[in-house]
Amino acid sequence: MVKNRRLESEGPIFGVRHLQCLLVFCGLSVAYALRVNLSVAIVAMTDRNDSNPNFDEYKWTEKTKSLVLSSFFWGYVVTQVPAGSLAHKFGGKIMLLLGIGVCSVLTILTPICAKLGDWKLVCGLRVIQGLSQGFLFPSTHTILSKWAPVEERGTLGTYSYSGAQFGTVVMLATSGVVASSSMGWPGIFYISGGVGMIWTFAWFAWGASSPAEYKRISPEEKKLIETSLGFASKPEENTTPMKTPWCRILTSVPFLVLTLVHCTHNWGFWTLLTEIPTYMKNILGMDIKSNALLSALPYTAMFLMCFVFSTLQSTLSRHQCIPLSVSRKLFNSIGHWIPMITLIALGYVGADRINLAIVLLTITVGINASTYLGFQVNHIDLSPNFAGVLMGITNCAANIMSIIAPLIVGFIVTDEKNSAQWRFIFFIAAGFYFIGNLLFVVFGKTTVQSWNDMESSRVAKGRDGNCAESQH
(Lines of atoms letter the chains of each structure in order from A and count residues from 1; the text may use other names and numbers.)
(Lines give C-alpha, C1' and ligand atoms only; values in the text may rest on other atoms or scores of the structure.)
Protein backbone atom coordinates (compact mmCIF):
# COMPACT_ATOMS: atom_id res chain seq x y z
CA MET A 1 0.00 0.00 0.00
CA VAL A 2 2.89 2.30 0.84
CA LYS A 3 4.45 1.44 -2.48
CA ASN A 4 1.27 2.34 -4.37
CA ARG A 5 1.01 5.68 -2.60
CA ARG A 6 4.62 6.46 -3.42
CA LEU A 7 4.06 5.60 -7.06
CA GLU A 8 0.94 7.74 -7.23
CA SER A 9 2.84 10.72 -5.87
CA GLU A 10 5.40 10.38 -8.66
CA GLY A 11 2.80 10.73 -11.41
CA PRO A 12 1.42 14.08 -12.61
CA ILE A 13 -2.06 15.23 -11.65
CA PHE A 14 -3.04 15.22 -15.32
CA GLY A 15 -0.77 12.82 -17.13
CA VAL A 16 -0.67 11.05 -20.46
CA ARG A 17 -2.90 8.28 -19.10
CA HIS A 18 -5.55 10.92 -18.36
CA LEU A 19 -5.14 12.31 -21.88
CA GLN A 20 -5.73 8.84 -23.30
CA CYS A 21 -8.88 8.42 -21.21
CA LEU A 22 -10.10 11.86 -22.28
CA LEU A 23 -9.59 10.89 -25.92
CA VAL A 24 -11.37 7.57 -25.32
CA PHE A 25 -14.22 9.47 -23.62
CA CYS A 26 -14.53 11.70 -26.69
CA GLY A 27 -14.26 8.69 -29.00
CA LEU A 28 -17.09 6.87 -27.24
CA SER A 29 -19.13 10.09 -27.29
CA VAL A 30 -18.67 10.35 -31.05
CA ALA A 31 -19.36 6.65 -31.59
CA TYR A 32 -22.65 6.74 -29.72
CA ALA A 33 -23.66 9.96 -31.47
CA LEU A 34 -23.08 8.17 -34.79
CA ARG A 35 -25.04 5.19 -33.50
CA VAL A 36 -28.17 7.01 -32.28
CA ASN A 37 -28.39 9.92 -34.74
CA LEU A 38 -30.83 7.97 -36.91
CA SER A 39 -33.27 7.52 -34.00
CA VAL A 40 -34.16 11.24 -34.17
CA ALA A 41 -33.36 11.83 -37.85
CA ILE A 42 -35.79 9.12 -38.95
CA VAL A 43 -38.67 11.11 -37.44
CA ALA A 44 -37.83 14.08 -39.70
CA MET A 45 -36.99 11.89 -42.69
CA THR A 46 -40.47 10.36 -42.67
CA ASP A 47 -42.48 13.51 -41.83
CA ARG A 48 -41.29 16.83 -43.29
CA ASN A 49 -43.84 18.70 -41.19
CA ASP A 50 -41.69 17.95 -38.13
CA SER A 51 -38.60 19.68 -39.55
CA ASN A 52 -37.41 21.83 -42.44
CA PRO A 53 -39.89 20.91 -45.23
CA ASN A 54 -37.41 21.68 -48.03
CA PHE A 55 -35.76 18.26 -47.86
CA ASP A 56 -36.73 14.82 -49.07
CA GLU A 57 -39.41 12.86 -47.26
CA TYR A 58 -39.59 9.06 -47.25
CA LYS A 59 -42.83 7.12 -46.87
CA TRP A 60 -41.47 4.35 -44.71
CA THR A 61 -43.86 2.14 -42.75
CA GLU A 62 -43.28 1.43 -39.06
CA LYS A 63 -41.93 -2.01 -39.98
CA THR A 64 -39.50 -0.45 -42.45
CA LYS A 65 -38.34 2.10 -39.88
CA SER A 66 -37.80 -0.65 -37.33
CA LEU A 67 -35.82 -2.60 -39.92
CA VAL A 68 -33.61 0.42 -40.63
CA LEU A 69 -33.07 1.12 -36.91
CA SER A 70 -32.10 -2.48 -36.16
CA SER A 71 -29.81 -2.96 -39.18
CA PHE A 72 -26.84 -1.37 -37.37
CA PHE A 73 -26.75 -4.34 -35.00
CA TRP A 74 -26.68 -6.93 -37.79
CA GLY A 75 -23.09 -5.94 -38.42
CA TYR A 76 -22.31 -5.01 -34.82
CA VAL A 77 -22.75 -8.54 -33.48
CA VAL A 78 -20.49 -10.11 -36.14
CA THR A 79 -17.25 -8.38 -35.11
CA GLN A 80 -17.65 -8.57 -31.32
CA VAL A 81 -15.83 -11.86 -30.67
CA PRO A 82 -12.92 -11.45 -33.15
CA ALA A 83 -12.45 -7.77 -32.21
CA GLY A 84 -10.71 -8.58 -28.93
CA SER A 85 -8.14 -10.82 -30.66
CA LEU A 86 -7.46 -8.23 -33.37
CA ALA A 87 -7.06 -5.44 -30.83
CA HIS A 88 -4.62 -7.62 -28.88
CA LYS A 89 -2.63 -8.39 -32.03
CA PHE A 90 -2.55 -4.98 -33.72
CA GLY A 91 -3.14 -2.68 -30.75
CA GLY A 92 -6.21 -0.87 -29.49
CA LYS A 93 -5.26 2.43 -31.17
CA ILE A 94 -5.42 1.28 -34.79
CA MET A 95 -8.62 -0.74 -34.32
CA LEU A 96 -10.42 2.14 -32.58
CA LEU A 97 -9.13 4.53 -35.26
CA LEU A 98 -10.46 2.39 -38.10
CA GLY A 99 -13.74 1.63 -36.34
CA ILE A 100 -14.77 5.22 -35.69
CA GLY A 101 -13.11 6.61 -38.84
CA VAL A 102 -15.01 4.27 -41.19
CA CYS A 103 -18.27 4.87 -39.33
CA SER A 104 -17.80 8.66 -39.60
CA VAL A 105 -17.29 8.58 -43.36
CA LEU A 106 -20.35 6.39 -43.87
CA THR A 107 -22.44 8.71 -41.69
CA ILE A 108 -21.61 11.63 -43.99
CA LEU A 109 -22.75 9.52 -46.94
CA THR A 110 -26.11 8.59 -45.37
CA PRO A 111 -28.26 11.34 -47.02
CA ILE A 112 -26.82 10.45 -50.45
CA CYS A 113 -27.50 6.74 -49.88
CA ALA A 114 -31.08 7.48 -48.83
CA LYS A 115 -31.63 9.49 -52.02
CA LEU A 116 -30.05 6.92 -54.33
CA GLY A 117 -31.22 3.66 -52.81
CA ASP A 118 -34.01 4.51 -50.37
CA TRP A 119 -34.24 2.44 -47.17
CA LYS A 120 -32.49 -0.63 -48.63
CA LEU A 121 -29.22 1.21 -49.25
CA VAL A 122 -29.49 2.93 -45.86
CA CYS A 123 -29.84 -0.51 -44.25
CA GLY A 124 -26.73 -1.73 -46.06
CA LEU A 125 -24.78 1.32 -44.94
CA ARG A 126 -25.89 0.87 -41.32
CA VAL A 127 -24.80 -2.78 -41.39
CA ILE A 128 -21.26 -1.69 -42.38
CA GLN A 129 -21.32 0.98 -39.67
CA GLY A 130 -22.22 -1.74 -37.19
CA LEU A 131 -19.33 -3.89 -38.39
CA SER A 132 -16.92 -1.01 -37.81
CA GLN A 133 -18.27 -0.16 -34.35
CA GLY A 134 -18.07 -3.79 -33.27
CA PHE A 135 -14.42 -3.06 -32.47
CA LEU A 136 -15.35 -0.26 -30.08
CA PHE A 137 -15.58 -1.92 -26.67
CA PRO A 138 -12.95 -4.66 -27.17
CA SER A 139 -10.49 -1.99 -28.33
CA THR A 140 -11.38 0.28 -25.42
CA HIS A 141 -10.92 -2.61 -22.97
CA THR A 142 -7.52 -3.31 -24.50
CA ILE A 143 -6.42 0.33 -24.25
CA LEU A 144 -7.55 0.70 -20.64
CA SER A 145 -5.83 -2.54 -19.66
CA LYS A 146 -2.52 -0.99 -20.80
CA TRP A 147 -2.99 2.56 -19.51
CA ALA A 148 -4.96 2.39 -16.25
CA PRO A 149 -3.00 1.52 -13.09
CA VAL A 150 -4.79 -1.02 -10.91
CA GLU A 151 -5.45 1.63 -8.25
CA GLU A 152 -7.14 3.93 -10.82
CA ARG A 153 -8.86 1.36 -13.02
CA GLY A 154 -12.36 1.93 -11.67
CA THR A 155 -12.15 5.71 -11.84
CA LEU A 156 -10.54 5.93 -15.29
CA GLY A 157 -12.87 3.24 -16.62
CA THR A 158 -15.97 5.10 -15.38
CA TYR A 159 -14.77 8.38 -16.87
CA SER A 160 -14.01 6.73 -20.21
CA TYR A 161 -17.24 4.77 -20.58
CA SER A 162 -19.46 7.66 -19.47
CA GLY A 163 -18.70 9.07 -22.92
CA ALA A 164 -21.34 6.70 -24.29
CA GLN A 165 -24.08 8.50 -22.35
CA PHE A 166 -22.60 11.92 -23.07
CA GLY A 167 -22.61 11.31 -26.82
CA THR A 168 -26.18 10.03 -26.67
CA VAL A 169 -27.29 13.13 -24.76
CA VAL A 170 -25.63 15.59 -27.14
CA MET A 171 -26.94 13.82 -30.24
CA LEU A 172 -30.53 13.53 -29.02
CA ALA A 173 -30.56 17.10 -27.67
CA THR A 174 -29.21 18.78 -30.82
CA SER A 175 -30.70 16.67 -33.62
CA GLY A 176 -34.11 18.29 -33.48
CA VAL A 177 -32.66 21.78 -33.69
CA VAL A 178 -30.43 20.83 -36.62
CA ALA A 179 -33.31 19.12 -38.48
CA SER A 180 -35.43 22.28 -38.17
CA SER A 181 -32.58 24.56 -39.31
CA SER A 182 -31.54 25.43 -42.85
CA MET A 183 -29.39 22.27 -42.92
CA GLY A 184 -32.46 20.06 -42.49
CA TRP A 185 -32.26 16.42 -41.41
CA PRO A 186 -29.16 15.77 -43.60
CA GLY A 187 -27.30 18.18 -41.31
CA ILE A 188 -27.60 15.64 -38.48
CA PHE A 189 -25.43 13.22 -40.43
CA TYR A 190 -23.02 15.82 -41.83
CA ILE A 191 -22.27 17.35 -38.43
CA SER A 192 -21.93 14.10 -36.48
CA GLY A 193 -19.82 12.53 -39.23
CA GLY A 194 -17.62 15.63 -39.43
CA VAL A 195 -17.01 15.64 -35.68
CA GLY A 196 -16.12 11.95 -35.96
CA MET A 197 -13.47 12.75 -38.58
CA ILE A 198 -12.00 15.48 -36.36
CA TRP A 199 -11.74 12.98 -33.49
CA THR A 200 -10.08 10.47 -35.83
CA PHE A 201 -7.29 12.94 -36.66
CA ALA A 202 -6.87 13.84 -32.97
CA TRP A 203 -6.67 10.16 -31.98
CA PHE A 204 -4.13 9.49 -34.74
CA ALA A 205 -1.97 12.35 -33.45
CA TRP A 206 -2.19 11.82 -29.68
CA GLY A 207 -3.57 8.34 -29.08
CA ALA A 208 -1.42 5.33 -28.19
CA SER A 209 -2.06 1.66 -27.52
CA SER A 210 0.28 1.58 -24.51
CA PRO A 211 2.75 3.75 -22.54
CA ALA A 212 5.61 2.07 -24.41
CA GLU A 213 4.30 3.54 -27.70
CA TYR A 214 3.95 7.10 -26.37
CA LYS A 215 7.38 8.73 -26.67
CA ARG A 216 6.58 11.91 -24.72
CA ILE A 217 5.39 10.21 -21.53
CA SER A 218 7.46 11.06 -18.44
CA PRO A 219 9.63 8.30 -16.94
CA GLU A 220 7.78 8.70 -13.62
CA GLU A 221 4.34 8.15 -15.11
CA LYS A 222 5.52 5.28 -17.26
CA LYS A 223 7.03 3.62 -14.20
CA LEU A 224 3.82 4.20 -12.22
CA ILE A 225 1.71 2.45 -14.85
CA GLU A 226 4.04 -0.40 -15.72
CA THR A 227 4.94 -1.21 -12.12
CA SER A 228 1.26 -1.22 -11.13
CA LEU A 229 0.37 -3.56 -13.98
CA GLY A 230 3.48 -5.71 -13.58
CA PHE A 231 4.91 -4.88 -17.01
CA ALA A 232 8.22 -3.57 -15.74
CA SER A 233 9.22 -6.70 -13.88
CA LYS A 234 8.00 -9.36 -16.31
CA PRO A 235 7.59 -7.83 -19.76
CA GLU A 236 8.04 -11.13 -21.58
CA GLU A 237 4.95 -12.64 -19.95
CA ASN A 238 2.77 -9.87 -21.26
CA THR A 239 3.62 -10.66 -24.88
CA THR A 240 2.55 -14.30 -24.61
CA PRO A 241 -1.25 -14.57 -24.74
CA MET A 242 -2.86 -17.26 -22.62
CA LYS A 243 -4.78 -20.02 -24.35
CA THR A 244 -8.49 -19.31 -24.12
CA PRO A 245 -10.42 -22.19 -22.48
CA TRP A 246 -13.40 -21.81 -24.78
CA CYS A 247 -15.25 -24.96 -23.79
CA ARG A 248 -14.97 -24.35 -20.07
CA ILE A 249 -16.13 -20.76 -20.52
CA LEU A 250 -19.15 -21.74 -22.61
CA THR A 251 -20.23 -24.40 -20.10
CA SER A 252 -19.77 -22.25 -16.99
CA VAL A 253 -23.11 -21.61 -15.26
CA PRO A 254 -22.14 -18.19 -13.82
CA PHE A 255 -21.00 -17.07 -17.27
CA LEU A 256 -24.17 -18.35 -18.95
CA VAL A 257 -26.25 -16.44 -16.38
CA LEU A 258 -24.15 -13.33 -17.06
CA THR A 259 -24.87 -13.73 -20.77
CA LEU A 260 -28.61 -14.00 -20.14
CA VAL A 261 -28.77 -10.92 -17.91
CA HIS A 262 -26.76 -8.95 -20.49
CA CYS A 263 -29.29 -10.00 -23.16
CA THR A 264 -32.32 -8.99 -21.09
CA HIS A 265 -30.68 -5.68 -20.22
CA ASN A 266 -30.05 -4.84 -23.87
CA TRP A 267 -33.64 -5.63 -24.81
CA GLY A 268 -34.98 -3.02 -22.42
CA PHE A 269 -32.24 -0.43 -22.94
CA TRP A 270 -32.26 -0.45 -26.75
CA THR A 271 -36.04 -0.63 -27.00
CA LEU A 272 -36.12 2.69 -25.19
CA LEU A 273 -33.13 4.23 -26.95
CA THR A 274 -34.41 3.57 -30.48
CA GLU A 275 -38.13 4.14 -29.87
CA ILE A 276 -38.38 7.06 -27.39
CA PRO A 277 -38.44 9.75 -30.15
CA THR A 278 -41.25 7.93 -32.02
CA TYR A 279 -43.19 7.36 -28.78
CA MET A 280 -42.90 11.02 -27.77
CA LYS A 281 -44.07 12.23 -31.17
CA ASN A 282 -47.07 9.95 -31.59
CA ILE A 283 -48.31 9.35 -28.04
CA LEU A 284 -47.19 12.50 -26.20
CA GLY A 285 -47.69 14.77 -29.24
CA MET A 286 -44.34 16.58 -29.09
CA ASP A 287 -42.74 18.38 -32.01
CA ILE A 288 -39.24 17.34 -33.02
CA LYS A 289 -37.45 20.14 -31.11
CA SER A 290 -39.16 19.32 -27.82
CA ASN A 291 -38.96 15.64 -28.68
CA ALA A 292 -35.19 15.71 -29.16
CA LEU A 293 -34.44 17.73 -26.03
CA LEU A 294 -36.65 15.60 -23.82
CA SER A 295 -35.39 12.39 -25.41
CA ALA A 296 -31.94 13.44 -24.22
CA LEU A 297 -33.07 14.05 -20.62
CA PRO A 298 -33.13 10.37 -19.52
CA TYR A 299 -29.58 9.86 -20.82
CA THR A 300 -28.41 13.04 -19.10
CA ALA A 301 -29.72 11.50 -15.89
CA MET A 302 -27.92 8.25 -16.67
CA PHE A 303 -24.65 10.11 -17.33
CA LEU A 304 -24.88 11.86 -13.96
CA MET A 305 -26.05 8.78 -12.07
CA CYS A 306 -22.96 6.88 -13.24
CA PHE A 307 -20.91 9.03 -10.87
CA VAL A 308 -23.49 8.95 -8.06
CA PHE A 309 -23.62 5.14 -7.99
CA SER A 310 -19.85 4.89 -8.41
CA THR A 311 -19.32 7.10 -5.36
CA LEU A 312 -21.88 5.15 -3.34
CA GLN A 313 -20.28 1.82 -4.22
CA SER A 314 -16.80 3.14 -3.41
CA THR A 315 -18.03 4.30 0.01
CA LEU A 316 -19.63 0.93 0.78
CA SER A 317 -16.51 -0.89 -0.37
CA ARG A 318 -14.13 1.35 1.56
CA HIS A 319 -16.03 0.75 4.80
CA GLN A 320 -16.54 -2.95 3.97
CA CYS A 321 -20.28 -2.62 4.57
CA ILE A 322 -21.34 -5.47 2.28
CA PRO A 323 -19.59 -8.36 0.49
CA LEU A 324 -18.77 -8.02 -3.21
CA SER A 325 -21.43 -10.56 -4.21
CA VAL A 326 -24.15 -8.64 -2.34
CA SER A 327 -22.92 -5.36 -3.82
CA ARG A 328 -23.09 -6.63 -7.41
CA LYS A 329 -26.58 -8.06 -6.95
CA LEU A 330 -27.84 -5.01 -5.02
CA PHE A 331 -26.77 -2.51 -7.68
CA ASN A 332 -28.00 -4.75 -10.48
CA SER A 333 -31.39 -5.06 -8.76
CA ILE A 334 -31.60 -1.27 -8.45
CA GLY A 335 -30.71 -0.91 -12.14
CA HIS A 336 -33.27 -3.44 -13.37
CA TRP A 337 -36.17 -3.77 -10.96
CA ILE A 338 -36.80 -0.06 -10.37
CA PRO A 339 -36.97 0.53 -14.17
CA MET A 340 -39.25 -2.52 -14.37
CA ILE A 341 -41.76 -0.78 -12.07
CA THR A 342 -41.54 2.58 -13.86
CA LEU A 343 -41.98 0.91 -17.28
CA ILE A 344 -45.20 -0.74 -16.12
CA ALA A 345 -46.42 2.61 -14.79
CA LEU A 346 -45.43 4.35 -18.04
CA GLY A 347 -47.76 2.06 -19.97
CA TYR A 348 -50.76 3.65 -18.26
CA VAL A 349 -49.74 7.30 -18.71
CA GLY A 350 -51.66 9.16 -21.41
CA ALA A 351 -50.87 12.24 -23.49
CA ASP A 352 -52.64 14.43 -20.91
CA ARG A 353 -49.92 13.68 -18.34
CA ILE A 354 -46.77 14.49 -20.30
CA ASN A 355 -44.74 15.62 -17.29
CA LEU A 356 -45.35 12.32 -15.48
CA ALA A 357 -44.35 10.38 -18.61
CA ILE A 358 -41.08 12.33 -18.85
CA VAL A 359 -40.33 11.71 -15.16
CA LEU A 360 -40.96 7.97 -15.52
CA LEU A 361 -38.80 7.74 -18.65
CA THR A 362 -36.01 9.65 -16.93
CA ILE A 363 -36.11 7.35 -13.90
CA THR A 364 -36.24 4.24 -16.09
CA VAL A 365 -33.13 5.13 -18.07
CA GLY A 366 -31.25 7.06 -15.36
CA ILE A 367 -31.41 4.29 -12.77
CA ASN A 368 -30.07 1.88 -15.41
CA ALA A 369 -26.64 3.39 -14.63
CA SER A 370 -26.56 1.22 -11.52
CA THR A 371 -25.89 -1.83 -13.69
CA TYR A 372 -22.36 -0.52 -14.37
CA LEU A 373 -21.65 -1.73 -10.83
CA GLY A 374 -23.67 -4.93 -11.30
CA PHE A 375 -23.52 -7.36 -14.19
CA GLN A 376 -21.46 -5.06 -16.42
CA VAL A 377 -18.32 -5.56 -14.31
CA ASN A 378 -19.04 -9.19 -13.47
CA HIS A 379 -16.88 -10.29 -16.41
CA ILE A 380 -13.82 -9.10 -14.49
CA ASP A 381 -15.04 -10.79 -11.30
CA LEU A 382 -15.33 -14.17 -13.01
CA SER A 383 -12.11 -14.00 -15.01
CA PRO A 384 -9.69 -11.05 -14.94
CA ASN A 385 -7.49 -12.77 -17.53
CA PHE A 386 -10.28 -13.35 -20.04
CA ALA A 387 -12.58 -10.41 -19.24
CA GLY A 388 -12.26 -9.05 -22.79
CA VAL A 389 -13.19 -12.43 -24.29
CA LEU A 390 -16.18 -12.71 -21.96
CA MET A 391 -17.33 -9.21 -22.88
CA GLY A 392 -17.06 -10.00 -26.57
CA ILE A 393 -19.22 -13.11 -26.19
CA THR A 394 -21.91 -11.57 -23.97
CA ASN A 395 -22.01 -8.35 -25.98
CA CYS A 396 -22.42 -10.36 -29.18
CA ALA A 397 -25.36 -12.30 -27.73
CA ALA A 398 -26.87 -9.23 -26.10
CA ASN A 399 -26.84 -7.21 -29.28
CA ILE A 400 -28.85 -9.88 -31.05
CA MET A 401 -31.55 -8.63 -28.67
CA SER A 402 -30.81 -5.11 -29.93
CA ILE A 403 -31.68 -6.35 -33.42
CA ILE A 404 -34.84 -8.18 -32.42
CA ALA A 405 -36.31 -5.55 -30.06
CA PRO A 406 -36.96 -2.79 -32.67
CA LEU A 407 -38.33 -5.42 -35.07
CA ILE A 408 -40.78 -6.63 -32.44
CA VAL A 409 -41.87 -3.02 -31.93
CA GLY A 410 -42.55 -2.80 -35.67
CA PHE A 411 -44.73 -5.93 -35.62
CA ILE A 412 -46.68 -5.02 -32.47
CA VAL A 413 -47.09 -1.27 -32.98
CA THR A 414 -49.14 -1.24 -36.18
CA ASP A 415 -50.77 2.06 -35.14
CA GLU A 416 -48.18 4.49 -33.78
CA LYS A 417 -50.87 6.47 -31.95
CA ASN A 418 -52.31 3.45 -30.14
CA SER A 419 -51.22 3.70 -26.50
CA ALA A 420 -52.33 0.13 -25.75
CA GLN A 421 -49.80 -1.23 -28.25
CA TRP A 422 -47.02 0.84 -26.74
CA ARG A 423 -48.10 -0.38 -23.28
CA PHE A 424 -47.49 -3.95 -24.42
CA ILE A 425 -43.99 -2.99 -25.59
CA PHE A 426 -43.19 -1.56 -22.16
CA PHE A 427 -44.57 -4.68 -20.44
CA ILE A 428 -42.29 -6.91 -22.52
CA ALA A 429 -39.24 -4.84 -21.58
CA ALA A 430 -40.27 -4.88 -17.89
CA GLY A 431 -40.64 -8.66 -18.03
CA PHE A 432 -37.14 -9.06 -19.42
CA TYR A 433 -35.72 -6.83 -16.68
CA PHE A 434 -37.45 -8.93 -14.02
CA ILE A 435 -36.36 -12.33 -15.34
CA GLY A 436 -32.78 -11.31 -16.11
CA ASN A 437 -32.08 -9.84 -12.69
CA LEU A 438 -33.83 -12.71 -10.90
CA LEU A 439 -31.46 -15.17 -12.60
CA PHE A 440 -28.48 -12.99 -11.68
CA VAL A 441 -29.53 -12.75 -8.02
CA VAL A 442 -30.09 -16.51 -7.70
CA PHE A 443 -27.29 -17.95 -9.85
CA GLY A 444 -24.77 -15.11 -10.34
CA LYS A 445 -21.27 -15.44 -8.85
CA THR A 446 -18.43 -13.03 -8.12
CA THR A 447 -15.70 -15.57 -7.34
CA VAL A 448 -12.87 -16.00 -9.83
CA GLN A 449 -13.45 -19.17 -11.86
CA SER A 450 -10.78 -21.88 -11.92
CA TRP A 451 -10.38 -21.64 -15.70
CA ASN A 452 -9.17 -18.05 -15.29
CA ASP A 453 -5.77 -19.25 -14.08
CA MET A 454 -3.18 -20.18 -16.67
CA GLU A 455 -2.10 -23.31 -14.84
CA SER A 456 -5.73 -24.39 -14.37
CA SER A 457 -6.29 -23.88 -18.07
CA ARG A 458 -3.32 -26.08 -18.90
CA VAL A 459 -4.45 -28.79 -16.51
CA ALA A 460 -7.94 -28.62 -17.95
CA LYS A 461 -6.72 -28.88 -21.53
CA GLY A 462 -7.44 -32.57 -21.75
CA ARG A 463 -10.92 -32.08 -20.38
CA ASP A 464 -11.81 -29.26 -22.78
CA GLY A 465 -12.16 -31.72 -25.64
CA ASN A 466 -15.26 -33.35 -24.18
CA CYS A 467 -16.54 -30.49 -22.04
CA ALA A 468 -16.78 -32.86 -19.12
CA GLU A 469 -17.41 -30.20 -16.53
CA SER A 470 -18.09 -26.51 -16.08
CA GLN A 471 -16.92 -24.24 -13.32
CA HIS A 472 -19.40 -22.77 -10.93
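Placed from the backbone N, Cα and C atoms, the Cβ positions cover glycine too.
Sequence annotations record features per position, and here TrEMBL assigns domain 'Major facilitator superfamily (MFS) profile' to 19-448.
Positions annotated as transmembrane segment by TrEMBL: 21-46 (among others).
Outside the transmembrane segment (94-112), and at least 6 residues removed from its termini, the chain residues within Cβ reach (under 8 Å) are 24, 27, 30-31, 34, 37-38, 83, 86-87, 122, 125, 128-129, 132-136, 138-140, 142-143, 185-186, 189-190, 192-197, 199-200, 203-204, 207, 209. If you look up TrEMBL, you'll see 94-112 (among others) marked as transmembrane segment.
Residues annotated as transmembrane segment in TrEMBL: 187-206 (among others). Counting residues 6+ beyond its ends, the transmembrane segment (187-206) has Cβ neighbours under 8 Å at 19, 23, 26-27, 30-31, 33-34, 37, 40-41, 44, 93, 96-97, 100-101, 103-108, 110-111, 171, 174-175, 178-179, 181 in the same chain.
Only residues 6 or more beyond the boundaries of the transmembrane segment (249-270), in the same chain, are considered here, and those with a CB under 8 A from a CB of the stretch are 332, 336, 339, 343, 365, 368, 371, 375-376, 378-379, 382-383, 386, 389-390, 393-395, 397-402, 404-406, 428-430, 432-433, 435-437, 439-440, 443-445, 449, 451, 467, 469-472. According to TrEMBL, the transmembrane segment annotation covers 249-270 (among others).
Sequence annotations record features per position, and here TrEMBL assigns transmembrane segment to 290-309 (among others).
Taking Cβ pairs closer than 8 Å, the transmembrane segment (330-350) reaches residues 261, 264-265, 268, 309, 313, 322, 356-357, 360-361, 363-365, 367-375, 419, 422-424, 426-427, 429-430, 433-434, 436-437, 440-441, 444 in its own chain, all 6 or more past its ends. The annotation transmembrane segment is assigned in TrEMBL to 330-350 (among others).
Look at TrEMBL and you will find 356-375 (among others) tagged as transmembrane segment.
The transmembrane segment feature in TrEMBL is assigned to 387-412 (among others).
If you look at the transmembrane segment (424-444), the same-chain residues 6 or more away from its ends with a CB under 8 A from one of its CBs are 253-254, 257-258, 260-261, 263-265, 267-268, 271-272, 275, 325, 328-329, 332-333, 336-337, 339-341, 343-344, 346-347, 374-375, 378, 405, 408-409, 412-413. The transmembrane segment feature in TrEMBL is assigned to 424-444 (among others).
Restricting the average to the domain 'Major facilitator superfamily (MFS) profile' (19-448) gives a pLDDT of 86.
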